[in-house]
Each structure stands twice: as structure tokens, then as C-alpha cells.
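Contents: one structure, followed by commentary.
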Amino acid sequence: MKRTNYAGDTNEQQVGQEVVLKGWVAKRRNLGGLIFIDLWDREGIVQLVFNEKENPEAFEIANAVRNQYVLEVQGKVQLRAEKEINPDMKTGKVEVAVDEVKVLAKSETTPFDITDGVDASEDLRMKYRYLDLRRPEMMRNLKLRSKVASIVHNYYDNEGFMDVETPDLTRSTPEGARDYIVPSRVYPGHFYALPQSPQLFKQLLMAAGVDKYYQLARCFRDEDLRGDRQPEFTQIDTEMSFATPEDIQTVTEGLIKRVMKEIVGVDVKTPFPRMEWQEAMDKYGSDKPDTRFGMLIHDLSDIVKDSSFKVFANTVADGNYVRAIRVPGGADKYSRKDISKYEEYIKRFGAKGLAWVKVTADGYNGPVAKFLNDQVAQINEEMDAKEGDLILFVAGSFHVVSDSLGYLRRAIAEELDMIKPDQWNYLWVVNWPMFEYDEGFGKWIAAHHPFTMLNEEDLHYLEDGEDPHKAHAQSYDIILNGNEIGGGSIRIHDPKIQEKVLKALGYTKERAEARFGFLLKALTMGMPPEGGLAFGLDRWVMLLAQADSIRDVIPFPKNSKAVEPLTAAPGKVSEQQLDDLKIEFDEKIDYKLDQDPDEQ
């Protein structure tokens, strides 16, 4: 029988009509002469009714089915009895009185219940991902992701962009994260790399005259495992010739506005606010500021530089900073023990301690209160502090202070429920530094990437004798509720400027040519001024769906150890495959996928 409609689309307009439905048994209830089955498909659930007196044959089959059996049913849509109406279900006013039923597939007992709020470990859910995706919450996420992707294609097509695919097998040009490399059988000892982004190819498309490009690009980064990072992800990738930052931002805002309206039902106001990178770091302690709440950071360096608290005075004398946040009403909410936990946590950012005072009617209470008697009035005025507030101080370098207070600000706001739900605060962070110092690599790197154009007034910093690390770039990140969802820039189209930027990053001419020669050559052959932006589809969909994890909006994700439990990837390959690739190992390697490689 041909299906007439999805189970979840059954409605009051079909009352009295015969329907054919196909789906899974979500729940079954036997009330003696009546059996009720909740039939599920991707659009939702409808209640089936089997009446022993009216149709004993169908009743007998229904009596034998179990959860997750696949059924085909034919029956008539009818209104539920008044007391049986379920206002929480889309189909809650109707049910289907079944005339015929056929079991299309049976199911063993599943390893966990196929319901929202399932009590199962994430790895177990991922091992049986095809079952996990049957849960209504997960199917909603998949549908939302599909709808967003559809809007993206439609929007950029209407804006005159061309959907152009770029290679997935390309040359290794690692910048920051490691490449995933693919050995060549045809050329032993040579390797392709999976793209970390289509960056260089989309610039070459501008050189080709494509003018406006976009694609939903698959990207791969062999990064250290932490948080919600995924080794493979999807980004909405765009590039425009002859464009200013404002042009690119306006087009991007148009997409966001449409997605928010159609997906969330919210009409966001454009243009979005713009915030300088320096302001974001100074006031929010983050280059992805969360503007849904206050508790801004205040610089108290000038106020405490002459205090009797030597830690503060010496920090300022060394050219560093003393900054603080005020927790409204925090004096009664946080004990010394609570504050000590935060102090331990911020040590990971390089902070040596967390000073604090509680504001009282007579001044301050706390470990450093006696050292700040002469500064109480100034500090209170600067921070608008009132009796009952808690003030937290961090002293140190710019990044130590910013990172520490930025973390504290967000953690405390979440703990005290200061963030209103259903707020959608988009903004642009602009005017980034061109370069930043990477403590891990022990060298200067590009804050975005080496192909970002500097501000015109900062080009002189690339000349000999100047300090290039003072330069700022024509770059911009799009932020949503304290999450970076994308970033972009105007690109360098002048080969001389590109050579100087690579030199500032420590590239010799030979190394630059070996790694980026194809791009450097393209810059000499009529490269137009151009720029673009890419933002992560996965993270954006996670925020739109208000999901707990990015893994909840990816059909088949990797876990936090970069393992896919469903297929047990990564896996070993045969000796023959290794021989074909001319690959051999110096020693036997036998990793277990349930352990971290570093622990084996």
C-alpha cells in the first residue's frame, strides 16, 4: 500500500478519511479489548486504535508487536474522545481506527529507550546512532539543520552567488591546526591533505572572475581533543570580489535575519552592533563577548597603583594590569570556599590569585580589604559598587587578566541565572590585531590567517625597522550570545604586501614559495580586491536548536576522543593496503579506542 501521509501530519481535516501510514511503534498499551499504539515517523506521532470486537485479526497482530517494530497500517481518521485529547501532541485531537496492519520489520530489545531525556551514556547513544536519531529531539535537530541549509542555498542563490565545489584532496598547507593527510598510492611518499577550509581555493575563484562564491564546505582539522570540537565539520563559506567589510557583513546579516525569522520566529534587528576587538577584551575579557548581561570588567590599575597591597602596586609598576568585576549582591551568595574554587580554576589562565572584597556599609571585608582603605571611594565610584556586592580582582598581564575575568564573568552569570533565556544577541567584533603571540608554538602567528589585509593606516608596520605586531587587520567575527559562529576578512590582493606578511610570520622566500607558490603566482595575474566570511553551520544550528552539545546536531559525530563509536573509526587497515601505499611502522602499534592515545 502507498503511504498517504506521514503519521505526524495526520490532522482534523482528515476525519472520516482512509489513510495509510508507515512507521515505528513508539509505545503500546493494552486495555483489554482495546490496544493503543503510538506510531512514530520523522514528522511525529499519531495514536492508533485496535478494537478486538470490530477487527479481531488486526487486534491479534497488534497484541504481538513490541516497541520499535515497523508497521504498515490502513484505517480511518477519527476524533478522540474529549477526555482523551492530548494538547501536547500535534495530532492530539485525532486517532486512527485501524482496519489492516502489517508488520514490515521486527526489532530486538533496544539498548536504551527511544525517548527524549533518555538515561544512556553518550557513547552508547553514538554506538547505536540510528536508534538515537529516532528520538523526537534528535529528529527535530536534523530537520532544523536541513531547513537552515535549504535557506542558505536559496538565499545566496537569490543574492547572485555561485555554488562552487572546491577539492577535498589538496596540498598540505597547515596553519595552526594539523592537517589530516591522505597517502598517495600512485606517488609513494607523497600525501594529499583534507582541507581545513577552502580559503585558498575561494581566493583563486575570485581571481577566476567568479565574483560571488558560496558553498556548504566540509572541513577537517586534526586538533587536540577538547570541548565540543569536531575533527570534521561544515561551514557556510562565502567570498565576494570588489567588496568592503560592510558589504560582506550586510549580506551575512540578511541570511541571519531570514534564518532567525523562519526557524526561530524572531525578527532580529539589523545592522548588528559593531564592537572593537580592544573594547571586547577590555570590558568583556573575551574576543567573543556575551552582551546578554552586564558585570563588565573595570580597569583599576591607576586607582590601586599606590595602594599598600604590594601585589597590586608591583603589578602596575611592571606595566601590567589590575582589573575587576562586581557581582551584584554577591557578598551573601559566595563564601570564602566558593571563591577559592574560582581562584583554583583561573590558575589555568596564568593567574596567580584571586583577590576579593565584600562591600559593607563601613567599607570592605575580605583578605585584601585592609590594604585598600584609601581606595574604597574611588573603587566604588568606578564600579558603581553598593553594600552587599562582591568585587573580584585579578592582577597580571593583559591576556591573563582578560582571560581570567572573562571566564569568571560568564561562569558567575550562569550560576546566578543572570542570563535571560531566548535572547539572541548578535554582534560583530571588528578591527582585530593582525598578529598574536601563540604561547604553545612560542611564536607570532596570524590572528585569523596570513592572507588577511591590514588596515591601510597600518601598512607601514610591515616595513623594515617597524614592529609588525602593532598592526590591525580588516577582519571581523560574528558573535552570538558569547559564541563565535563565524569570521572573515578582506584578503590581500597585492603580492608585495603578501610577501611582507609572510616574512613577518617568519617565512623565508623559499618556504613561502614551496607552500603558497600557486597563490602568490595568482596574485601577480590580476587578483581583484576581495573578501569573505565563513561560519560554522554545526555550532550555529546547535545554538538555534538550544542543544546541549554540537554532537546533538551532527548526524554521525565523533566523540570527545575523536572516535566514532558506531563504526569504531579510526580503524586498522590490512597489511596489503599498507604495502600498496609503501607504508610500514617502526614498531607495533595497538591503540584501544576507549582510551586516549596519550595514555597508551
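For all residues, glycine too, the Cβ spot is worked out from N, Cα and C.
According to Swiss-Prot, the features are:
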type	residues	note
BINDING	Glu175, Arg221, His448, Arg491	L-aspartate binding site
BINDING	Arg221, Asp222, Glu223, Gln230, Glu484, Gly536, Leu537, Asp538, Arg539	ATP binding site
REGION	199-202	region 'Aspartate'
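The distance from the Cα of Arg221 (L-aspartate binding site) to the Cα of Arg539 (ATP binding site) comes to 15 Å. Sequence-distant neighbours of Glu484 (ATP binding site) (same chain, six or more apart, CB under 8 Å from its CB) are Asp287, Lys288, Asp477, Ile478, listed in sequence order.
Secondary structure of the region 'Aspartate' (199-202) per DSSP, as helix, strand and coil residue counts: 4 helix, 0 strand, 0 coil. Arg491 (L-aspartate binding site) has a Cβ environment of 24 other Cβ atoms inside 10 Å. Residue environment of Arg221 (L-aspartate binding site) contains 19 other Cβ atoms, counted within 10 Å of its Cβ in all protein chains. The separation of Leu537 (ATP binding site) from His448 (L-aspartate binding site), Cα to Cα, is 19 Å. Residues Arg221, Asp222, Glu223, Gln230, Glu484, Gly536, Leu537, Asp538, Arg539 are the ones the record ties to ATP, and the longest Cα gap between any two of them is 20 Å. DSSP assigns Glu484 (ATP binding site) to a strand in the three-state reduction.
Straight-line distance linking the Cα atoms of Arg539 (ATP binding site) and Arg491 (L-aspartate binding site), rounded to a whole number, equals 25 Å.
Secondary structure at Arg491 (L-aspartate binding site), as computed by DSSP, is strand. Taking only the Cα positions, the spacing between Leu537 (ATP binding site) and Arg491 (L-aspartate binding site) is 22 angstrom.
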